[in-house]
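Positions annotated as substrate binding site by Swiss-Prot: Q96, D189, S190, H191, R472, R477, R605, S668, R669. If you look up Swiss-Prot, you'll see C383, C446, C449 marked as [4Fe-4S] cluster binding site.
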Amino acid sequence: MLSASRTALRAPRSVRGLATASLTKDSQVNQNLLESHSFINYKKHLENVEIVKSRLNRPLTYAEKLLYGHLDDPHNQEIERGVSYLKLRPDRVACQDATAQMAILQFMSAGIPQVATPSTVHCDHLIQAQVGGPKDLARAIDLNKEVYDFLSTACAKYNLGFWKPGSGIIHQIVLENYAFPGALLIGTDSHTPNAGGLGQLAIGVGGADAVDVMSGLPWELKAPKIIGVKLTGKMSGWTSPKDIILKLAGITTVKGGTGSIVEYFGSGVDTFSCTGMGTICNMGAEIGATTSVFPFNDSMVDYLNATGRSEIAQFAQVYKKDFLSADEGAEYDQVIEIDLNTLEPHINGPFTPDLATPVSKMKETAIANGWPLEVKVGLIGSCTNSSYEDMTRAASIIKDAGAHGLKSKALYTVSPGSEQVRATIARDGQLKTFEDFGGVVMANACGPCIGQWDRQDIKKGDKNTIVSSFNRNFTARNDGNPATHAFVASPEMATVYAISGDLGFNPITDTLVGADGKEFKLKEPQGVGLPPDGYDPGENTYQAPPEDRASVEVVISPTSDRLQKLSPFKPWDGKDAERLPILIKAVGKTTTDHISMAGPWLKYRGHLENISNNYMIGAINAENGKANEVRNHYTGKYDGVPQTAAAYRDAGHKWVVIGDENFGEGSSREHAALEPRFLGGFAIITKSFARIHETNLKKQGLLPLNFKNPADYDKINFDDEVDLIGLTTLAPGKDVILRVHPKEGEAWEAVLTHTFNSEQLEWFKHGSALNFIKSKY
């Protein structure tokens, strides 16, 4: 049986040829080193899969096996890709501190004594990068003490594991400790799919979904389509796993994966590391995918052994043929091929993660588009690229440059993904290499990746270029400056650009000038997938829930501006909606960053009233092309979006938002749905939605509706009033009629579609999913 240890984790000398005779399909194996009460249930999952296969009479993909293996009722569940809603039983829940506040507040209001599913909270989002790791961490602990105390005591009270500030980023902690092949995890962060690199189905959700699972209810997911990505060949030279997903994003665009799971297969999947697979799955969120996953293979065995989980590796090998691999002849809804032999490094951006440019074309493309060629900052790390392998490859480039007397031309920052990675690279020397290079090592946290960056080297409005190994590069996301041209690349390329200071530099063909005045080419990066001397766990930052939880008190000050107990939303009044004003007609990309900004607003994630003051302040108003300036329908005066929404609410007027395509893409933050509900919103009407945001809106009792004819979006004016007709007879698959009343001229009608099923309609009728849950208890 697995047991925890704080000593260095050493990989066995032979990590792949482990005998499996000691384990059988009936063996009892813990899911992780930290919990003694949760076991891997491969046998039950396989039984479910066999039931479904006998019903469907066809081979299954790996992703389908993991989904159907976790069905609540495999005998009677309707199963049709892209159509059915699946009722699933996840193995665990993971929450980061920014989204956990609202999730736990909702869980508390449900009145349930403890979580029914193993769950953890990870403190990674509230630490602002300023001067460096230790000082930034100390400052964050002081500033956020009230929130950390709330989360710590709530976790102790309700039986959740708690990872303290400084422990690392949620996805890296999950990969190191909780992920295992064949599992189903939901997490309140859009990059939860990172764990797909360890053969796990990991899906980002809103806090209300997490509350369902923590409460012991089945979790609902629309049966995804399956996109197969066939990898052939082998990467070499400057190419890294990050380039696979950067290339794929350019092929599919930011919405090409919507409603689908991306499953990787082919001979190429066995040619790189488990952590590299995690990088690829992590950024699958940027193409809208429900999740991404790799099938169980030897690289995963290596990683499990290196992280002290050899028993799980052996147990997975017992089930590899029947459960942890795709069936021969399994069919995908779409297949995309990528030849790793010919893949070159890519740089994606600016302003969107799907604008992919190969390094060989970067200089001419940048010049043609007027992108600033001088690279001001190179940033590596984050949840996407902070593995030991990433760090060693970046360090090898720096050592080569240093041998020629060069240091970083740009500001260079390193965000370690976890305390374990930080401690290991400190022991093995890479950390010193970064510091000698001129790099600033940040806290083990999200930092600049999510806008937690107090950037001082430029003024807001200054046009400049930064290159990171992060996953997302929306306008103003990293530093709050809309003029910053942010590009996403591998850690290797971000490091190269920091050395050269030139976005047009190609390390494959171009030379640098050393301190001696001689030209030289950088050597290809070298690195190792796993530390030869094992991982150093560093400081113990985990708080296990106590055995006696009855005496634990969770205190929320009634005067707090950070935390606020929730009041239930009112149920639907049972009537069609008439003469609703349009709060804003948003034009162009409207991500969750536009809807509910992060950065300085993160501190209000536990206080719905205060954070609602950021609602839609980044969205562009189609009337005037401005952000956060809309006209009050009744007074004619201009004001901010949240102020106008609150004025409508206080005057008793429901309102709607009109949105463009892929509305709500980006993070999983449910505040982007809680805020419009709190401010009196009734419906969000768009050309199309991103999956998580659409579900979050439903959970909070709002109506997410789509134009059946997208051209109707263009016909609506900001000063129109609208009716929503057919709500009293609303049913799955039944359209809603939008009657538009222009300020001048005749009324006209448009057809709106929706994706509600019967139970989701109950959420709307009751006022929220939480209200519906409480009505059943």
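Glycine is no exception: its Cβ is also placed from the backbone N, Cα and C atoms.
Sequence-distant contacts of R472 (substrate binding site), defined by Cβ-Cβ distance under 8 angstroms and a gap of at least six in the same chain, are E286, P353, C449, V488, G666.
A straight line from the CA of R605 (substrate binding site) to the CA of C446 ([4Fe-4S] cluster binding site) spans 16 Å. Counting other Cβ atoms within 10 Å of each Cβ, the lowest count among the binding-site residues Q96, S190 belongs to S190. Ranking the binding-site residues R605, R669 by how many other Cβ atoms lie within 10 angstroms of each Cβ puts R605 at the bottom. In this structure the residues listed as binding substrate are Q96, D189, S190, H191, R472, R477, R605, S668, R669; their two most distant Cα atoms lie 21 Å apart. Mapped onto three states, the DSSP output places Q96 (substrate binding site) in strand. Cα spacing between C383 ([4Fe-4S] cluster binding site) and Q96 (substrate binding site): 12 Å, rounded to the nearest whole number.
In this structure, the binding-site residues C446, C449 were compared by how many other Cβ atoms lie within 10 Å of their Cβ, and the smallest count belongs to C449.
Using a 10 Å radius centred on the Cβ of C383 ([4Fe-4S] cluster binding site) and all shown protein chains, the other Cβ atoms total 32. In the three-state DSSP scheme, S190 (substrate binding site) is classed as coil. Of the chain residues outside the [4Fe-4S] cluster site list C383, C446, C449, D124, I169, H191, G381, S382, T384, S415, A445, G447, I450, F470, N471 have their Cβ within 8 Å of the site's Cβ mean position.
DSSP classifies R605 (substrate binding site) as coil under the three-state reduction.
Among the binding-site residues listed here, namely Q96, S190, R669, Q96 has its C-alpha nearest to that of C446 ([4Fe-4S] cluster binding site). Under DSSP, C383 ([4Fe-4S] cluster binding site) is assigned to coil, being neither helix nor strand in the three-state scheme. Look at C449 ([4Fe-4S] cluster binding site): DSSP puts it in a helix.
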